[in-house]
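Below is one structure; the comments refer to it alone.
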Ligand code: UDP
């Protein structure tokens, strides 16, 4: 395996499957199967999951809700997704821990870096819920932050697209995918990999990001083996 410890970022929307909202149990089971493959190979796995399938603070604010209130609701949505994923991973036979940036101690451990690292060393999958615990941030930023904190080798951003393109491939048929691109070129070309806060945090800490299609079976394993899947963003 090319990577010993990974931080896997899954969007909340990915859990919807074909639904318009919420969680599709088929998606949970499919992701658990993909994650199990790399777990069996000894990869240490930390996961940050988004909440966009349930609630986003910005959406709340655009309909008149207080932004901060909405963001906390979004963070709670990520905890719901984290619990759902935790259940699916355990059903598939893996040991897990859910750690949250907001204290909800009857259902999750509070985030403690040293404990998280210890769980990873013991082969437990650690899911980080409630983002960074702060409004005005995203779960992409939480993914990079936690990735840096637990010394992950790479951020794996599992999405529905298979990488970073010169233009939006759904709108421009001439768009070409990058196999590799530098952080500087992403910024210079105005490409969209993650929000600026998450992206610059990754760049400053020299933590590479791989954007890949998580919905293609076997891709996660191939990425961890070092195959050229998706787009790798490096220094
Ligand atoms: N959120 C937040 N602080 C964080 C992470 C998330 O306030 O550190 C809130 C924010 O409202 C965001 C929502 O949680 O819209 C869900 O997260 P995100 O939009 O990143 O989820 P994804 O797009 O990955 O599903």
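Glycine residues also receive a Cβ, built from the backbone N, Cα and C atoms like all the rest.
Quantities reported herein were computed from a predicted structural model and do not represent experimental measurements.
Feature annotation from TrEMBL assigns domain 'Aspartate/glutamate/uridylate kinase' to 4-213.
Per TrEMBL, the feature ATP binding site maps to 9, 10, 11, 12, 52, 56, 159, 165, 168. Around residue 9 (ATP binding site), a 10 Å sphere centred on its CB holds 28 further CB atoms from the protein chains shown.
Residue 132 (UMP binding site) carries neither a helix nor a strand DSSP state and counts as coil. Taking the Cβ of residue 132 (UMP binding site) as centre and 10 Å as the limit, one finds 22 other Cβ atoms among all the protein chains shown. The annotation UMP binding site is assigned in TrEMBL to 51, 71, 132, 133, 134, 135, 136, 137, 138, 139.
By the rule that a residue counts when its Cβ sits under 6 Å from some atom of ligand 1, the binding-site residues 51, 52, 159, 168 yield 51, 52. For the ATP site, whose binding residues are given in the record as 9, 10, 11, 12, 52, 56, 159, 165, 168, the maximum C-alpha distance rounds to 26 Å. Comparing C-alpha positions, residue 136 (UMP binding site) sits nearest to 52 among the binding-site residues 9, 11, 52, 159, 168. The binding residues for UMP are recorded as 51, 71, 132, 133, 134, 135, 136, 137, 138, 139; their greatest pairwise CA distance is 14 Å.
Shown are the binding-site residues 51, 52; of these, the residue with the fewest other Cβ atoms within 10 Å is 52. Ranking the binding-site residues 11, 134, 138 by other CB atoms within 10 A of the CB puts 134 at the bottom.
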